[in-house]
């Protein structure tokens, strides 16, 4: 058996053929032959295929459809919901950025292409924002009483007991009776609180955790306090000058150009601090570079009533004559002047959309104005008038009278007969403001500070790229750098910010007339001098330029002669008038200018 197996193994070994080692050039040649053969087979198969049906573009493949009618994807599975998801018209209108405008036929092709691209991008952004709205599930709060019970009769203690522990902790009182009354200001994120007492007490704190950042006494009268672009700096309007402090209470700047400041407003997207002084001056300070942008003399006396329209960055000022004026740093005169009350204006508030303005005056009336049409919508008569007004992000109005704080709901739309929430504080109110993104109203009075719970006051969903209440120090630094890069110049402030998106359709003739008025002469009235070609070397470049200058000087001399002749004629007319009036001179003529 062993010998038989050995014989079989030898036969198998002898029968195998030796394969020669392959080189790299042999493998490439074989691959090329294989590719050529495969290409010939494909050409034959394409020729044998049936013709494509009519109406199909070349190079476009039809998607296979199954018997149910659904479209098959790349993986072969059928999509039960083909196409993009449906978006309701209400959500699309919520994020609408404006109406589409038809382009004129005179516009160039490049301009039409750019505008069409921008419209496509804006439509996409509108749809994406409407889709992402599903990711914002928070709803605004509300306060509802029992049958026959008014919500204004519900006390703050009862509201704090009814809500959860975190929300109930937002109702608290700070007893600061020595240095009151107090001005109140929240940051844009609604996280930090700034208090300024009339007798010099200044404090800033994280009001949610009750952590005190700094506390000091400036030993001087404090008229107003205001946070700047971040919670790292704030401005204090003291008796003489304007001071800038950091969050630790260290004095950074003393700006002596801004003296006797009574009220302040900060423009976050322009980095401008607007101040109203007792001397009647409205001044703008660019906090990013530390320079004064504009100083406007309003000629209306003491300015102690001030409000900001956050939509178009226009400053609203109230005056003792009962008028409200709207100001921009680009003009020395008021943009709009409205007679609102028969007495002096006590307080002004503007909603976040820039549509409505609420004013209160010494005539004990509370009026709501439509800023777009500049006409009053509602008028209410309060028993003692309102000394301090504030509007929340959801449209609630706070009107304080003495030591009573009343909050009204939907004042702009329909007439209101009773308040939504009412509360009595310990002292007379001097300042009130709603906290952003929170159902909280901060009230500063003569006995300290009170934080009230007002359900439905704050916006429940915030934009993390603009104002994030939960950002850390690094995120705040990155946001500050981006905000400085995107800073809006003060020259762009106007009543209608939509004008910046419109095209300048001025014709060539209008632009030429503007140019003539600016220069004082028509540059195209006379053709340019072209020197005649001369021979014998008299038309060299230097001599041609010399002749051009000589002709230009002659034209200038003619213009100067005309202006001198006109001036002499005016002087002669003045002398003739003086000579005719000399016969009827009196002793008082010496005082005439």
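Every residue, even glycine, has its Cβ placed from backbone N, Cα and C.
Record features, source TrEMBL:
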- 1-11: compositional bias 'Basic and acidic residues' (COMPBIAS)
- 12-21: compositional bias 'Basic residues' (COMPBIAS)
- 23-54: compositional bias 'Basic and acidic residues' (COMPBIAS)
- 551-560: compositional bias 'Basic and acidic residues' (COMPBIAS)
- 419-497: domain 'BING4 C-terminal' (DOMAIN)
- 1-89: region 'Disordered' (REGION)
- 532-560: region 'Disordered' (REGION)
- 572-593: region 'Disordered' (REGION)
- 338-379: repeat 'WD' (REPEAT)
Any residues 6+ beyond the ends of the repeat 'WD' (338-379) with a Cβ under 8 Å from its own?
305-312, 316, 318-325, 385-391, 393, 395, 397, 399, 411-412, 415
Counting each residue once, how many in the region 'Disordered' (532-560) are helix, strand and coil under DSSP?
20 helix, 0 strand, 9 coil
DSSP helix/strand/coil residue counts for the domain 'BING4 C-terminal' (419-497):
17 helix, 22 strand, 40 coil
